[in-house]
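As annotated by Swiss-Prot, repeat 'TPR 1' applies to 101-134. Sequence annotations record features per position, and here Swiss-Prot assigns repeat 'TPR 2' to 169-202. Per Swiss-Prot, repeat 'TPR 3' is recorded for 203-236. If you look up Swiss-Prot, you'll see 229 marked as N6-acetyllysine, on the strength of a large-scale study or a structure entry. Among the features that Swiss-Prot reports, repeat 'TPR 4' is placed at 237-270. The repeat 'TPR 5' annotation in Swiss-Prot covers 339-372. According to Swiss-Prot, the repeat 'TPR 6' annotation covers 373-406. For 407-439, the entry in Swiss-Prot reads repeat 'TPR 7'. Residues or ranges marked as repeat 'TPR 8' in Swiss-Prot: 442-474. As annotated by Swiss-Prot, repeat 'TPR 9' applies to 475-508. Summarising the annotation, Swiss-Prot assigns repeat 'TPR 10' to 509-531. Swiss-Prot lists 513-523 with the feature compositional bias 'Basic and acidic residues'. Swiss-Prot lists 513-565 with the feature region 'Disordered'. For 528-549, the entry in Swiss-Prot reads compositional bias 'Acidic residues'.
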């Protein structure tokens, strides 16, 4: 048994640190005496040494050693006869089982992706002839092409993966995300569905995610619910996570939180989707829950973007925007495709007044998730913050046409129309349409209330808000109702509404300001009663508090968010 065989056995046993030390010494010996090992043996040493470096995450060093190994392999292929080794008395047949050159190139590409050098990774994998590409090589190529915006070769590579592995579900999702029709994708899996038992759900699964990637949230929800109700797929964490995300996109925060909680109970180590869950909790003012969630996720893994995003949400809603910016940047560093991280960083930049930088991040989020409305909302808010109403209007109209006329797109367009006095009536019409579709949609209710406040139609606003609060409890709605009640001199109930708002979100500054303002004032009834008491006591002193007409508390702009639902 040769020394190379020992190195190979240690590598197979996972003794990477041992392989690294021994192979380093043997390579130095080979450099000092080129006759010590044959070309094939040196090739093996270089590959095993590079593998150990890869395991230690020294990717640049590993790439250089893989490149040297490939050069050695070229020299080996030109050598018709293996030179005898002076360092080993015999060469077993096992020692001639050389590491695959294709596998070396794949590992090399992996190093490049870890170093964020995607073009170099593509170049290495492109150098492998199509017929020699394994499914994992095609999968990596497909993902790299997709990331680079090269849709056609990406589709081709995904299809090649499915040709070899028809149950590669992530490849199916990749094709659907590139606008390949669900029927075409389903046809590529038909044979396996018909021949393998208990796979009748797969065609429905493909149909559901086809709806997801076309932005048809309601049909996607219904289809996944039908899957989730089947006994064999009940309580599947991935399906629950998808449902939670779809409810989030559809603006149904309540059901989204419920599904995230259900998935989390089934899998306490779940990370995927927890960034959205943390954002929803932060938006509801549940900052203590957000902090606990962040700590739990960091204990699971700090090498994923989600824990950093959750912690960033806590900072953002605590108005610590610089820290939120740092945490968002850290999340992007770990996963450049994290949409929620891009939205967090963009929102922090916007609130810090760095609008142009924020715009770049929101545009990247749109590129990665063209069906997510919150990405467009962040960009439109930046346009409005910089008084670029025309750009905001163009974007809102494009979203309306692309994603269809639903309550969310109607409200988004109305939000922009409210910024221009000329389009106030159009805003009113759009909001009425949105509320006709979803009477409890919070963003639409808030904007309609804003419009009624401008027109001083407080009674209409109170009726609107009471109706919206009939089946839900929302901090912003309770606070605005309190503002409207102050405007019609209903002080006691206004105080009650502010109290409810603060119970839902103790950090809601506007509710606190409204309550403090009321405490400093006194209603006319109380003032009269105080004067009567003074007269009865014959004090002759007049109350020093004058009754005043309280105007509606200025609730102004609705709260900042980096994902409007």
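The backbone N, Cα and C atoms fix where each Cβ goes, and this holds for glycine too.
For the compositional bias 'Basic and acidic residues' (513-523), the DSSP-based tally of helix, strand and coil residues reads 8 helix, 0 strand, 3 coil. DSSP places the residues of the repeat 'TPR 1' (101-134) in helix, strand and coil in these numbers: 26 helix, 0 strand, 8 coil. For the repeat 'TPR 7' (407-439), the list of distant contacts is 250-251, 373, 376-377, 380, 384, 389, 392-393, 396-397, 399-400, 445, 447-448, 450-451, 467-468, 564-565: same-chain residues at least six beyond its ends, Cβ to Cβ under 8 Å. In the repeat 'TPR 3' (203-236), the DSSP tally of helix, strand and coil residues is 26 helix, 0 strand, 8 coil. Here the repeat 'TPR 2' (169-202) returns a mean pLDDT of 93 for the predicted model.
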